[in-house]
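What Swiss-Prot records for HIS265, ALA266, ARG267, GLU268, ARG323, ASP340, ARG341, SER398, TYR399 is substrate binding site. Taken from Swiss-Prot, the feature Zn(2+) binding site applies to HIS265, GLU268, HIS397, supported by sequence analysis. Positions annotated as domain 'Peptidase M14' by Swiss-Prot: 203-523. The N-linked glycosylation site feature in Swiss-Prot is assigned to ASN350, ASN381, ASN386; the stated evidence is sequence analysis.
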Amino acid sequence: MRLFSHLAVLAILACAVPITAIPSFLSNSYPAHPAEGISLFPQTQPQAPLGLWTRLRNTVIERLWRVPPQLCKNRPGHKGKFPLFSAPASLRARYGDDVVLRFTIRNAEEVKALAEASNILFLDVWASTDEWVDIRLSKDVVPSLLGLLPKSLQTSHIPLIHDLPQTIYESYPSSSQRSSYDVQGFSPSTKHSSDKTNIFFQDYQPFSVIVPWMRLLTSMFSSHVQMINIGSTFEGRDIPALQIGVWPANNPKPRKTVVVSGGSHAREWISVSTVNYVAYSLITNYAKSKHVAELLQQFDFIFIPTLNPDGYIYTWEVDRIWRKNRQDTSLPFCPGVDLDRTWGFKWDGNITADNPCSESYPGEDPFAGIEAKQFSQWAKNQTAQNNTEFVAFIDLHSYSQQIRYPYSYSCQPDPPNLENLEELAIGIAKAIRLTNRETYEVSSACEGLMASQAKVKSDDPFPRIERTGGSALDWFYHDLNVKYSYQIKLRDRGSYGFLLPRENIVPTGQEMFNAVMVLGRFLSGHDGFGPLDWEDESQRPKADEDDIPSENELDENDDSWIPYDYRNHDDQNEGEGYDNDEWGFRRRRKR
């Protein structure tokens, strides 16, 4: 049976063109008729004749799924104009004419059709919410995809990224910035650094820079920082982490510990930078902020910039959009396991275990992903042998700006401490919004990965676009009994997707630093969320004077730009500012 599955995968791959992704800077829109869909992406010259495999693929789709021929074949006579590309030829060769489309979903039939078509064509689903789904694919595949979808979806989509190679090219650090790094070096200061001085967060950093930076922090702040190793990767690299806290001597009680992890999916660079930013902010503010000092005296914080160093390095050196780790699978040309689908709790790999080419491939068995297994063993050893009590787990991802709590595998049953999970999640969302005005939606993880029929007043959920069993979120919550476990999807909402510009690194880091402060104050029991120390420059949003409205421009009820003091929270009406202030909180529809 396994051999038959592999042969089936090989046959389908032989009939499919390589699938890449969508970037865009064009202002085109799809025509109303689905047969004209491909003309959305204009060209400077007539298209070259279709290759043998592309024509074979189109023929297979036409025959098996009865797709009209005009939807499966490019029209070589079509002419248009293409913008000039500055991306290197190597990027153009790898990503070709890949695009990212956003489909608006309205009912269960549309979701099911989109999920089935994505599986048939081996498409890369970038993100999904209860309103839309972003899919990366080659322009050659667009007609085939539309032909597999109902008519309602053939016209309810827009292009998000038209030119993936160019967008990828612009996401890498510029040569001028790299030269400035070589001259100035990375020197954390005991005083709060300006953006110009703290150049580490002016751009994304490769793994070869992150590790020495972590060592430097450890040597400079040895009183409250240690560098530890979580385990080893498939390719033999260490998985480094920073342990931050003030360890009391001869304390028999278990040490309460918060884990913040990023980079499980290699292409989500903003999660790596954000973990580093939050760690750096706690480290450098220990001697300046009494609230930070209190937290580090009560809790240990473990910051893991990337659980997937092999994959992260691969995104820098080979494929910027790579998602999985780099371990071998049963198919030599389809390496990698999805490190957020391979955990042991409610692992549902029986559905996708025979397809190593899937972006969500969970491996052949629970904990088949080496890095996830190493992480779980480290966590168990900490609780069993090192007097550690894990009280919170935050798993940073991108994108879509969502705060998700358990469970991911299913919306039934509810987690036992649902109300507390929701309360803290709302507080985190509020802290984020009051930092830089960004809105994060709060929901259970199962709802965040499917569409809901709230708009049509039904309690029945839509089918899922992606399988969600075997997540780190559920494992930490259920198997390790970490009561406050969250998965946070960072910026943005799809304009750039995984290729978020470097200008978002510091603002996103500020938002998550304040989120961690709220988490810590909540766990400390300081009157709910406790006060945020807005006197610390690291917690205040850095807005230009032109961005701050004058008094006559401010609505007396609009405090979104003003640093929020949680000490005054009890003076407000209970619940004020949550649902009424449109913070994106969606309560569970079924209790």
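Any Cβ shown, glycine's included, is placed from N, Cα and C.
Non-local contacts of GLU268 (Zn(2+) binding site) by the CB criterion (under 8 A, 6+ apart in sequence, same chain) comprise GLY262, LEU396, HIS397, SER398, TYR399, LEU490, PHE498. Sequence-ordered, the extra residues of this chain that approach the Zn(2+) site, with Cβ no more than 8 Å from the Cβ center of HIS265, GLU268, HIS397, are GLY262, GLY263, SER264, ALA266, ARG267, SER271, ARG323, ASP340, LEU396, SER398, PHE498. When secondary structure is read from DSSP and collapsed to three states, ASN386 (N-linked glycosylation site) falls in the coil class. Between the CA atoms of ASN381 (N-linked glycosylation site) and HIS265 (substrate binding site) there is a gap of 24 Å. Other Cβ atoms within 10 Å of the Cβ of TYR399 (substrate binding site), summed over all protein chains shown, number 23.
Around the Cβ of ARG341 (substrate binding site), 29 further Cβ atoms fall within 10 Å across all displayed protein chains. Every protein chain shown contributes to the tally, and the Cβ of ARG323 (substrate binding site) ends up with 23 other Cβ atoms within 10 Å. Considering only the binding-site residues HIS265, ARG267, ARG323, ASN386 (N-linked glycosylation site) has HIS265 as its nearest partner by CA-CA distance. Secondary structure at ASN381 (N-linked glycosylation site), taken from DSSP and collapsed to helix, strand or coil, is helix.
Around the Cβ of ARG267 (substrate binding site), a 10 Å sphere holds 24 further Cβ atoms from the protein chains shown. Within the same chain, residues at least six positions away from HIS265 (substrate binding site) with a Cβ under 8 Å of its Cβ are SER271, ASN308, GLY311, ARG323, LYS324, ASP338, LEU339, ASP340, HIS397.
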